[in-house]
Amino acid sequence: MGKLRPGLHPFWNLLLLLWTLLNCSLGSSAQGSGEWTLWGSWSPCSSSCGRGLSVRSRRCIRFPREELCWGNTHEYRLCQLPDCPPGAVLFRDLQCALYNGHPVLGPQKTYQWVPFYGAPNQCDLNCLAVGHAFYHSFGRVLDGTPCSPGSLGLCVAGRCLSAGCDGLMGSDAREDHCGRCGGANDSCLFVQRVFRDAGAFAGYWNVTLIPEGARHIRAVHRSRNHLALMVSDGSYVLNGNWAVSPPGTYEAAGTRVVYTRATGPEETLHAAGPTSQDLLLQVLLQEPNPGIEFEFWLPRERYGPFQEQAQALSWSLRQPQPREVEPQPPETPVAPAAIPPRTLTPSADPCPPCPDTRGRAHRLLHYCGSDFVFRARVLGRLYQAQETRYEVRVQLVYKNRSPLRALEYVWAPGRCPCPPLALHQEYLLAARRLVSSDGTQDRLLLPDAGYARPWSPAEDSRVRLAARHCPV
């Protein structure tokens, strides 16, 4: 180490010290690594359609004897353009075709070349000579060439790489269950439950609401029952309307639902999500429910509303079919003066008059011979084939041989059932339970010329009196 010389100006002493330190530094074996420049801008996409690559680069700045910078000089990211039109020449085919008609293996012989995918390195340009049993490798394919037909990987510098969720080729960044790239599953909650309601009758039962934004949806059960899926407008995606759908992939709520049914009694539903609207998972019961496992991941902000909706929906309510409810009357009647006068054209009633079903004997016959007697309000009516289906809200139960739910469907034969039920009116109904031979249908049937009286306090007294005269 050099020494400061007495008598020299302090500036020259400092300069001498710096020169000595620099000489010592240059005499050592290594001085750490260099430093990278800033990344350059991304290049245009390597492809004009479909999937391709964009690249950017940087340089390592280092002094003599410094080590090289740690990292890559180039970085590649995936660029996704609109799909290539039908019949477009594939990128690898185009590279092989560049050698058509050019001597390759000799000065005289030329060949036509097409891609060959059976070689060990799929990122080499291996081309098969048309009409011959050999292929030739022309070196590496150009960056951005698909590794193989249908592959998500692209060739980069002779290696097959896939893009991480950050779009960078070769990146190990992955989405967490919440859909965040590189996240730690802390922005969503995991919902995992088992629906164990055994069900008192065959039909559709609600299992769970799957809210908008749900991801990684899974449901599985092992029985002869069938999972059903309904969208928010009341239409079924699969296994609705008492019909069993084939296994396969179904589009619903902005995601693909994979429905599988094994040879044994097992069904599964899987969907990656996220869902773009609420879904309702149901089960079509044909035998006692052994348990339906379901799970999904839900954004934290949606968990509270999901809990409230789940309680309001009341999972035990049976929902056999999507409802088509006629509009409710306005709460406040519109004053006659507000309605513009119009002339009504009488039209013939297409339904013939119903037979008279009044009398004590008729009441006793149907009360004693029925499975259910209850007071209900008619909410909706739907004609299906040669049947009429009423949706009713049960208000009071006088007689029941199996449980009744708050909402039920009552079926009547024909499109002109007798007696007819008016919308938004309350009735005393006597219905029978009708179960199909294969156990797939469990209905409340209002027989033709059956018992359906408008409810009134007097009718309530009469039906209670009838109950005393039925044989035990």
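Every residue gets a Cβ built from N, Cα and C, even glycine.
The shown structure was predicted, so the numbers you read here are calculated from the model rather than taken from an experiment.
TrEMBL lists 1-30 with the feature signal peptide.
Here TrEMBL flags Cys45-Cys79 (among others) as disulfide bond. Around the Cβ of Cys45 (disulfide bond), the same chain contributes Gly52, Leu53, Ser54, Cys79, Leu81, each under 8 angstroms and 6 or more positions distant in sequence.
The Cβ of Cys84 (disulfide bond) lies under 8 Å from the Cβ of Cys49, Gly50, each of these being in the same chain and 6 or more residues away along the sequence. Sequence annotations record features per position, and here TrEMBL assigns disulfide bond to Cys49-Cys84 (among others).
Within the same chain, residues at least 6 positions away in sequence whose Cβ sits under 8 Å from that of Cys69 (disulfide bond) are Ser33, Gly34, Glu35, Trp36, Cys60, Arg62. The disulfide bond annotation in TrEMBL covers Cys60-Cys69 (among others).
Summarising the annotation, TrEMBL assigns domain 'NTR' to 351-470.
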Per DSSP, the domain 'NTR' (351-470) contains 21 helix, 51 strand, 48 coil
Given the disulfide-bonded residues Cys49, Cys60, Cys79, and counting only Cβ atoms in the protein chains shown, which has the most within 10 Å of its Cβ?
Cys79
Take the domain 'NTR' (351-470) and average the pLDDT across it for me.
85
